[in-house]
Amino acid sequence: MNRERKIRWSFFVQLPFLFLFFPLTCIPYTFYRALLKDCPYCNHCEPECWKFIRRQFEHPYSKFVNHTIFYMVFLGFLMAASVEDTFGTTSIGLEWIDLVIIAFVVGLLIQELLAAIREGIFVYVSKWWNVVDALIIFFFLVSFAVWLLAYVHFGKKWRPEKNAFILADVIFSSAIIISFFHLTHIFQVDSVLGPLQLSLYKMLRDVWKFLLLFLVLYLSFSTVLAKMYHYYVASQVELQRQNMRHYEKTHHFASYRNTLSSLFWLLLGIYDEEKVMVKDPSFVTMSITGQFFMIVYVVCMVIVALNMLIAMMNNSYERIMDDSDIWRFSRARMWLESIDKGNVIPSPLNLLYYFLLLDRMKTLKRLVVKFLKDRYITEKKEGESQSTE
């Protein structure tokens, strides 16, 4: 009962309080941490209200909630950039919301770099959510880099019809998919959703293992069908050149791209038998062979391979659901990141924090230089002038 009472308190009281508390105090705390936190005189006479705010921000649970709030804000900006119904941009192809997204990504980059330095690269990549973070940042940075290079290449003009700008948008869209998928990592704190989320990750790993076998079968049948119907089209072209009777100059499966597409949709039950047939009765053997290859493909890929993948995924799910220690270990590793003293200020506020910290260091440097100049150079000149007199 005591544990259930703590859960209810955390969910119905503490969590709503943090959702209201952090947006009101995040910017003042950023200034405090950057300008006053390391000052011994300010720490000595620190008001009680600042002590309360500092404890709230640096508490592990509060850090987790704080980062989650700002990450959801980041996803909100991504959604707003995707679902707007008024189309139109500036002359450079960007809107204000794109600049906000860039600020979030740069803040995440700094946050993950510092975490990798603090933990060590091998420990950092051993946590799957860090790998997903790195992928998100990588895709966003690549999209920004491709867009910037294209913008410079075309004379600092936005040419939306060019492939470089289209490629940048495609990479950006891929980063959005990974960003929303990454939100599921917060489910690890829940005893119901946590094992399900970890099972999803393990099943995706099974898909990657299965993908090699899938690609071998998929490419083999695609190559066979494309080669066979390519011969049929070449024969029809030759019959036309010889002024003999011919029926068609092209065929759907003569294109390797169309073959790949058709075989993929066949996995989902979308199949058009007419596309396998040929019109020339002299090549009826080719139609029969094509149908036979389709039957073998369905047996190998749908009946055998896909069911084998389902069995692998089901085994991973049952193993995690039966052994809850796997989920507990993963949850403990995630909580340890919140217990760590770093990454108190989330992105993009950490950009403001490091800017203020840099400005403070430059100010201290100027004060030190001024003090040394007044202490030694000025006094030396005064001593020389007095000795001359």
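Glycine residues also receive a Cβ, built from the backbone N, Cα and C atoms like all the rest.
Quantities reported herein were computed from a predicted structural model and do not represent experimental measurements.
For reference, TrEMBL has these:
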DOMAIN    67-323  domain 'Ion transport'
TRANSMEM  12-31  transmembrane segment
TRANSMEM  64-84  transmembrane segment
TRANSMEM  96-117  transmembrane segment
TRANSMEM  129-152  transmembrane segment
TRANSMEM  164-187  transmembrane segment
TRANSMEM  207-232  transmembrane segment
TRANSMEM  253-271  transmembrane segment
TRANSMEM  291-311  transmembrane segment
Recorded stretch that, among 129-152, 164-187, 207-232, 291-311, has the most CB pairs under 8 Å to the transmembrane segment (64-84): 164-187
The domain 'Ion transport' (67-323) [mean pLDDT, rounded to integer]: 83
